[in-house]
Ligand SMILES: Cc1cc2nc3c(=O)[nH]c(=O)nc-3n(C[C@H](O)[C@H](O)[C@H](O)COP(=O)(O)OP(=O)(O)OC[C@H]3O[C@@H](n4cnc5c(N)ncnc54)[C@H](O)[C@@H]3O)c2cc1C
Ligand SMILES: NC(=O)c1ccc[n+]([C@@H]2O[C@H](COP(=O)([O-])OP(=O)(O)OC[C@H]3O[C@@H](n4cnc5c(N)ncnc54)[C@H](O)[C@@H]3O)[C@@H](O)[C@H]2O)c1
């Protein structure tokens with residue numbers, strides 16, 4: 001029998017952060033992983049995607065400066081095989097590096113498929129392990145449309161590992177993944193289509209910003225097909241036909257990006273009294289499952305917060321503080337920025353414009369076109385825009401930003417929201433000029 005203070009199930013950002021935190025607090029910890037150490041973000045999510053986006057960013061800078069130092073025929077497409085190979089130099093080291101990291105820290109690394117056999121024991125491929133606490137951190141996987149020919153639909157992981165980019169590629173869905181991967185594919189010169197079942201892509205973002213973003217992607221040549229309910233994908237020779245009512249589209253590859261589903265099905269959670277919904281594992285305000293000795297963290301949790309890497313880490317640190325008796329309060333999340341990467345980037349944090357519009361007595365919305373601001377003028381950006389929301393005390397409480405610098409700007413605004421900053425605190429700070437930070441005094 002192998003006994004531990006805590007066993008973490010899932011070796012992704014949430015599970016590994018949990019294991020490191022508990023080990024640092026003196027606990028005897030094991031982590032069980034059934035696929036790739038490191039999890040989604042560094043192997044097949046945020047990090048490889050952002051390496052592939054480096055090509056988009058480099059190309060966009062040159063496209064923006066056409067006639068201003070670069071002529072049209074000097075702007076090449078991104079060579080997919082080269083950038084994919086570059087991405088591989090990073091991802092290929094992740095699984096071993098992540099596993100070795102925890103082993104070197106004195107954490108036990110177990111490889112295999114765990115199943116609960118009671119609320120204090122799991123069976124991993126015939127071996128029994130026991131712990132006082134379990135932390136489930138098994139994340140999510142791509143959902144698959146329940147339609148005829150769904151075996152012909154690739155996932156975001158398949159896309160990032162393609163050895164060559166086809167001439168024509170179709171994405172089903174218009175959320176984070178479709179927008180980001182479509183932008184990457186288009187930068188290689190591929191003809192890119194996005195098929196969406198309604199006319200409201202990226203529905204969690206301010207609609208007018210999304211309309212602007214769709215226009216920007218159309219300018220890149222990406223073709224949108226809204227209100228198309230995909231019925232089947234048929235394979236003919238080397239091509240795929242997407243069929244819907246009065247609509248069909250032939251392409252060389254079809255990628256599904258219609259959301260992700262929690263990894264709960266292989267764990268025999270019923271044997272441990274852990275309940276879940278189709279959105280993930282149900283927890284209370286302390287991230288305890290319906291069995292109080294078992295916690296759930298990261299993407300696998302059924303929660304309203306967005307399912308992102310920094311939230312996985314935040315959950316992990318919080319649960320470690322609860323298990324080690326340092327904290328008995330419910331988890332409180334700070335303002336959480338979310339960002340669709342691409343060209344341009346679309347980011348938001350805090351109170352949404354819809355919420356603010358419903359309560360004009362308490363919120364003031366300032367919508368600014370930043371295109372002529374020096375930061376954006378010097379790189380000749382075609383669009384730069386920010387909507388900032390203030391409360392009655394003139395503190396910033398929310399923002400939506402779109403530009404090639406939105407990733408940086410949204411982080412500054414997040415800090416300002418969490419610190420309840422007002423205009424005078426920003427204007428009394430000296431920032432390096434000219435930078436997106438030195439623009440802050442005109443935004444807040
Ligand atoms: C294409 C893509 C791009 C993304 N981009 C971003 C981004 O830019 N920024 C951002 O913040 N987030 C991004 N995300 C989301 C981010 O990857 C996740 O929020 C993050 O990885 C969640 O961490 P986690 O540890 O909860 O889950 P995961 O990273 O999914 O890790 C779960 C681990 O558990 C393992 N596991 C699953 N089932 C079992 C089982 N039965 N037994 C044992 N182990 C199991 C898995 O193999 C995996 O290693 C992206 C996701 C995708 C798919
Ligand atoms: N930049 C980032 O932070 C980032 C990037 C990628 C992924 N992620 C994470 O991964 C999650 C999953 O991303 P995603 O893009 O797969 O999901 P998503 O939930 O963002 O978008 C899915 C889209 O597919 C649409 N859809 C659903 N069924 C459909 C159908 N039958 N036909 C056509 N469209 C359909 C939905 O309406 C939605 O627009 C995100 O919610 C986020 O948590 C984050």
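Cβ atoms here come from the backbone N, Cα and C positions, even for glycine.
Heads up, TrEMBL stuff is auto-annotated, nobody curated it.
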Among 97, 101, 259, 273 - the residue TrEMBL places in the same NAD(+) site as 173, 174, 175, 176, 177, 178, 179, 180: 259
Residue 173 (NAD(+) binding site) and residue 299 (FAD binding site), Cα-Cα, nearest whole angstrom: 20
Cβ under 6 Å from ligand 1: qualifying recorded positions of 41, 46, 173, 259, 299: 41, 46, 299
Where the C-beta lies under 6 angstroms from ligand 2, the matching recorded positions among 41, 175, 259: 175, 259
Integer average pLDDT (0 to 100) for the domain 'FAD/NAD(P)-binding' (5-313): 97
